[in-house]
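Each remark here refers to the structure printed beneath this line.
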Amino acid sequence: MSQLHEKSLLPTTQIQPTVVSTHPRLATVGQFIAVTLIWSFTPLAAVWTVNELHWAWGLFLRFSLAIPLVYICLLYFKLKLTCNAKALLSYAAGAIGLFGSMAFCYLGATRVPSSMISIIYATAPLWSGLIAVFILKQERFLILQWVGLLLAIFGLVLTLGLATEEIQLDMLGVAYQIIAVLLYVLSMFAVNKIKAEIHPIVQTTGSTLVSWLGYLGLIAFFTLKHQHSYRTYKHR
């Protein structure tokens, strides 16, 4: 018993300290770099696409390429696409951000430069905070948060108010981009509200498929519209 008592009195400094793994830090850095690259090149891709193709065709092709990629992710992580009513509703909510938001983003890209798209999309946390406080009543801002909010609004107004000989903003294009951001934010709230409890990759796959169907409908609409315009012009 005395030996056990002596062992229990050993100083804790003799215990080897736990070494914190550096992997979480590397993962955080990798995520930061990935997000930066995505939001740097996405506006550029939108502007480049609409300069070569009709914006609806650009989105249809983009999501057509995305579908095989998300299915590869499903196979790699051994996941299955959930098809119950709640999951389908969650996919539709996610499609608000993929179909609705991207449609207005590409439509606005025909009028504003890629730099302005990046600036407006960077205000997504601002809009999500305003919706959470004033509409959903989920949050309450502290004084410093209100100060930050006012500074953000002032910066946005200052940026959108720039107008020189080199910079001429198309306000309709800006409005399209703001609508795109609002749909993007509302989509996140809608998915969170539904709480389908499905894997994020499954959610992304389902929303991508729903969005692809939406773009397929857009292509059909614009094709019929073009054919009707051509026939009207031909019979003049």
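Just so it is clear, glycine is given a Cβ too, placed from its N, Cα and C backbone atoms.
Panel annotation: around the transmembrane segment (26-49), residues 55, 58, 62, 105-106, 109, 113-115, 117-118, 121-122 of the same chain, lying at least six beyond its termini, place a Cβ under 8 Å from a Cβ of the stretch. The transmembrane segment feature in TrEMBL is assigned to 26-49 (among others).
What TrEMBL records for 32-160 is domain 'EamA'.
Remote same-chain residues near the transmembrane segment (55-77) are listed as 46, 49, 98, 102-103, 106-107, 109-110, 199, 201-202, 204-205, 208-209, 211-212, 215-216, 218-219, 222 (criterion: CB distance under 8 Å, separation of at least six residues from the stretch ends). If you look up TrEMBL, you'll see 55-77 (among others) marked as transmembrane segment.
The transmembrane segment annotation in TrEMBL covers 89-109 (among others).
Residues 39-40, 43, 46-47, 105, 108-109, 145, 149, 152-153, 156, 159, 169, 173-174, 177-178, 180-182, 184-186, 188-189 of the same chain sit 6 or more residues outside the transmembrane segment (115-136) yet have a Cβ under 8 Å from a Cβ within it. As annotated by TrEMBL, transmembrane segment applies to 115-136 (among others).
If you look up TrEMBL, you'll see 143-162 (among others) marked as transmembrane segment.
The annotation transmembrane segment is assigned in TrEMBL to 174-192 (among others). Counting residues 6+ beyond its ends, the transmembrane segment (174-192) has Cβ neighbours under 8 Å at 90, 93-98, 100-105, 107-108, 111-112, 116-117, 120-121, 123-124, 127-128, 131-132, 136, 160, 203 in the same chain.
Residues annotated as transmembrane segment in TrEMBL: 204-224 (among others).
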Other same-chain positions with a Cβ less than 8 Å from the transmembrane segment (89-109) and lying at least 6 residues past its termini are 43, 46-47, 49-50, 55-56, 58-59, 63, 117, 121, 173-177, 179-181, 183-184, 186-188, 190-191, 193-194, 196, 198, 203-204, 206-211, 214-215, 218
Looking only at the domain 'EamA' (32-160), how are its residues distributed among DSSP helix, strand and coil? 106 helix, 0 strand, 23 coil
